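Heads up, the thing below is written out as structure tokens.
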């Protein structure tokens, strides 16, 4: 317990000086009594408060003294720390009881009899207040109830205990496990009681299996980022899912770094998000500071969770300061240094000058404005950082590849691509990631979480970017327009990529045919058909004067319901024959896109405030007729028209008249070079319009526009994937290994390659514990345990656990030998066989046998050869104990015990355990007899039969017979005389493949002349 008692920042130590009331935080009731009561009543009330606070502290001290005395007098058995677990558990329980009871007492308006979360120590030792004190408290309870409710929120910090590194190292393994268990249990209790507490960093790191110690050191200065504290520390807002806001987040991080301010404060001050005065989900991170140096830890997080996406200024005047004191109801202003405490957010500063500078954020004073965009900033340094976005300055270069970045955080993240560093590990599969946000997104594949639902169709997605791409199916809006070439983009990321590429082309002026989609920056197989639900147009109305219009209700999407569709039919619009296309292509506000339609509409009005449309993937050749307007040409919709009984006035692709058509004009998305009606107008028949008001088919909603590689024809769902793929064809390999210099196309390939240098094998087998560097290798290995062979040969039915093995096996049927030797031209079916063969041509054979002098180019071949001299047989059968020199021979032998017969005869179906036995058996069907007796010319199908037959030519006392055997297709060779029987020199057998001597019946020379060992 020395570690707990000696901790300088432990809760018990911090509460000890409160016994005399000298440093105890004054009860909030004292502030009210200074204005309402006399000085005597104030002193009396203060004594009661001090007495109530000091009594629990005395109990904690008494409990610790009793625990220490029990430890000292408990006998020799406790000297070795055997009772450390009980001490840690007791102190943690007391701390939890004290903190929870005190907080609950405050949350009940200061009532002395609040029963919830009261510990036994508080119940037995509480000094009962006098009747007069109870009356005073009851009178002020209603008055201060709201104030206490806001300041009495229980946070995890109130029941948490922290250790320094030195103290943590003193704890035993059991004590550390007990600490982890108690901390997680405390958090679970708070959550079960309904407190809106976000998960603290301490619990997160405990779940990750990391050490929870707190780094020693002096208190940081105001605003410093405390990187050594796992809980209660500021952290960078770099885990935002929406990467479109990444620039804003990095700017805030850079500002915080240069101004020595916590980034979370900048997020709150600037209101990261598109809606000013709204606390968005990006601000709900755990905004915490060390005690005494900012808001109550976790309080801002609680606030964000309670009022997430709710306006602070409901009913307020526009432009009024939204960061007012009532906007932070959960922040308690520290007592004791009010002259340096912010009365808005409760942050404490060491000097008044720092407080005055900080209050600029709340007062919205931004004296430094940007000349380019007019954006204001509190500090000049912030303006300098912001101006990099206009000047293009990138002061942070990568030392490896030279690429430059605007923000230092971008450089740090980019550097991980070169180093292969992946500091964030998945607890489920061990996969590593370079960003925490990537880890969070990846873990959703394990948990199945899909937090981003589509408001149109209800489909959910695990990533916000996937939702954004999906929503393009439901809307035709392209709010990001290029001022140079006029191309419009749905996503800001696509627009920024277009601007960086510098591929803008000015549209040519003059009349001309409408451009194809691929000529205006659209996907080659994507056609955008935007329809605004307006009234039909009669021919005589085309030349009529503009008429007054009735605009549909703003804010309602057209075509959502049948009633709205009927309402749209009643809208009267008299468009002119020509629509004026503005000179400036700059995209105005989304709700004022149709103001220059040229059809008599008033300024700011339009056919609809929410145009709808869909994207239909189709071949570019059928997307438009050269003499008419683009109309629906997707075959699937043609079938739908026929099924629904709706007919177009003409065949698909034919010229279309404006009579009876609905018109829609968006001049800021006009793609044709000519002016007039074609400059942004789209015409569709009513039948098509009613179809488009219905939800898109699931197949169309799911389908992505493929991007085709012009080199190999491979298709991709995204342009970024195609760009990465084209690196293969271009030979670009930007990711280089620092150890061996090998280059890779993808950063993930480099990270996987790095494991060959580090020896890391993050994928363990759950069956045998073997570890692998790749997940695919582990999957193939697991099939060895399960016996699964999903890759089956279509010719012979043989199964394989790996696709590569099936591919190599298939070449045995086709006779393909794609690997040729450059030296001799010999071809092989496998690359490994070619590699082994090439050692025969290599002059250098570093592995030479000391017994026979034979050289080998590969160490494995040399080791296998050495076993012929040493007689070593390292592979032993677990059933019979027989040893083998090669693993393959052991595998063949094992089939005799297991009964496995993987080689079936295609003629009769009989199965065999060895391929050589199958080959011998097949001769009974083919009639082949390759073994010839040179004496009588008789043939045999097996060499053993020939050996038995040769004994008939040698009678007792007769001269040795000259015998030989050959294959039928090869002539017999002359053989020397046989040695006399019993000479021990063996029997000479001659084959087309060579000669072999053998006295052991278990050894024989096969038809190929190679030596074979009997396995069974």
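The backbone N, Cα and C atoms fix where each Cβ goes, glycine too.
Swiss-Prot lists zinc finger for one of the ranges 847-869, 985-1007, namely 847-869.
Feature annotation (Swiss-Prot): of 424-446, 516-538, 608-630, 631-653, the stretch labelled zinc finger is 424-446. When the ranges 299-321, 368-390 are checked against Swiss-Prot, the one recorded as zinc finger is 368-390. Ranges compared are 452-474, 659-681, 682-704, and Swiss-Prot records zinc finger for 452-474. If you count C-beta pairs under 8 angstroms between the zinc finger (396-418) and each of 707-729, 735-757, 847-869, the highest count goes to 735-757.
For the zinc finger (480-502), the number of residues in each DSSP class (helix H, G, I; strand E, B; coil) is 10 helix, 4 strand, 9 coil. Across the range of the zinc finger (452-474), the DSSP-based residue counts are 8 helix, 4 strand, 11 coil.
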